[in-house]
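Read through the structure below, which is laid out as structure tokens, and then see the notes.
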């Protein structure tokens with residue numbers, strides 16, 4: 001689960017992480033009032049959406065007066081903010097965060113996430129703050145400092161100091177950085193976060209270490225332990241299809257292609273997407289209906305796929321083990337009839353009750369394109385999407 005910058009800073013504040021003062025605003029007048037509360041000097045007006053790169057898209061502006069803060073908020077609220085992470089449609093800005101300005105001496109990067117190759121939490125730091133860290137890692141991997149944390153000891157002071165020295169810090173700034181990194185680590189662990197990222201982490205002219213921006217993601221499977229964090233979910237920032245999928249316990253991720261996919265099993269779903277790509281097509285989604293789906297769940301999955309206007313063809317790839325092919329077939333028929341299927345549908349079934357499933361589809365009066373293996377199914381789906 002993702003949350004907004006202002007929410008992440010609210011959490012980090014509780015763990016002693018230094019963040020600038022700021023106030024949320026949902027109207028231009030509220031933004032003006034927030035700037036006045038901050039003293040009426042220089043402030044930053046920041047669009048709150050679940051995406052990075054806001055500054056490049058016009059989503060972060062400096063205001064030198066409360067009146068200017070109101071003007072910036074007026075321009076931002078309601079705009080479709082486009083960044084490299086939003087896609088071409090952009091995301092609507094519904095709220096802004098007005099934050100006090102500070103005199104910046106240096107911009108750095110500090111982040112924490114799980115290194116799945118090693119099976120440990122990795123703390124990463126870089127002198128290249130305020131820019132796309134993925135780009136830095138790709139072009140200048142030597143500029144990324146890393147420390148791997150033992151779950152038995154947690155982040156040790158010597159590790160935080162080693163990062164600070166690697167960033168070129170000295171004197172009181174080292175002490176402040178160690179305190180900052182320790183607070184960030186404590187917040188990460190205590191909240192079951194999957195990502196905690198400060199970009200940029202700034203060193204002010206006065207030597208303070210501040211989180212100028214903050215991003216936190218959380219493990220959905222641990223949210224039952226954190227009702228306060230679960231309450232921070234913003235449905236307006238989530239894809240409606242993904243929200244609907246969660247209601248039916250479906251694993252769905254929207255992508256940019258035009259071939260809808262419905263598969264049982266995450267591994268088979270990823271393999272299906274790979275074969276579609278190898279066949280010259282682009283998958284429109286990842287969708288795993290799981291091993292114990294019933295007809296209603298399959299129907300819901302089918303409707304979610306078809307609700308994407310970019311989908312030109314659908315590929316259903318089912319290997320029936322616990323999931324029976326006849327259940328999938330009945331769900332396909334029910335959903336196709338309910339939504340009035342008008343795009344090509346390619347179905348590949350194999351496994352338990354496969355003959356019964358094929359018979360159900362054959363007698364459904366639907367224009368279904370059958371396939372006997374995954375390669376054939378992918379090729380037919382790509383051809384159908386191109387012809388649509």
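Cβ atoms here come from the backbone N, Cα and C positions, even for glycine.
Model, not experiment: these values are computed from the prediction.
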With 321, 322, 323 listed by Swiss-Prot as substrate-binding, which of these, 264, 285, 330, 353, is given for the same site?
264
What kind of secondary structure is residue 102 (ATP binding site) part of, going by DSSP in three states?
coil
Find, for the listed binding-site residues 102, 322, the residue with the lowest Cβ contact count at a 10 Å cut-off, counting only other Cβ atoms.
322
Here the Cα-Cα span from residue 321 (substrate binding site) to residue 107 (ATP binding site), rounded to a whole number of angstrom, reaches 54
Local Cβ density at residue 321 (substrate binding site) - other Cβ atoms counted within 10 Å
11
